[in-house]
Amino acid sequence: LKCKKLVPLFSKTCPAGKNLCYKMFMVAAPHVPVKRGCIDVCPKSSLLVKYVCCNTDRCN
């Protein structure tokens, strides 16, 4: 997950109200993203699932 300050053409901007980018992946397979997108609050990681969040709504 790369957090962006500037907006390149291929970056995604989140809708209003969900202004954090996040990526979710399994701890057992850290290089295989399970889900990514926009969220309002960064979820807590668990023993099985890890979340990586940006503090911005622009990411790729």
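Quick reminder: no glycine exception, Cβ is built from N, Cα and C everywhere.
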Bond partner of Cys14 - disulfide, per Swiss-Prot - picked from Cys3, Cys38, Cys42: Cys38
Cys42 (disulfide bond), number of other Cβ atoms within 10 Å: 14
Shortest C-alpha distance to Cys59 (disulfide bond) - which of the disulfide-bonded residues Cys14, Cys21, Cys38, Cys53: Cys21
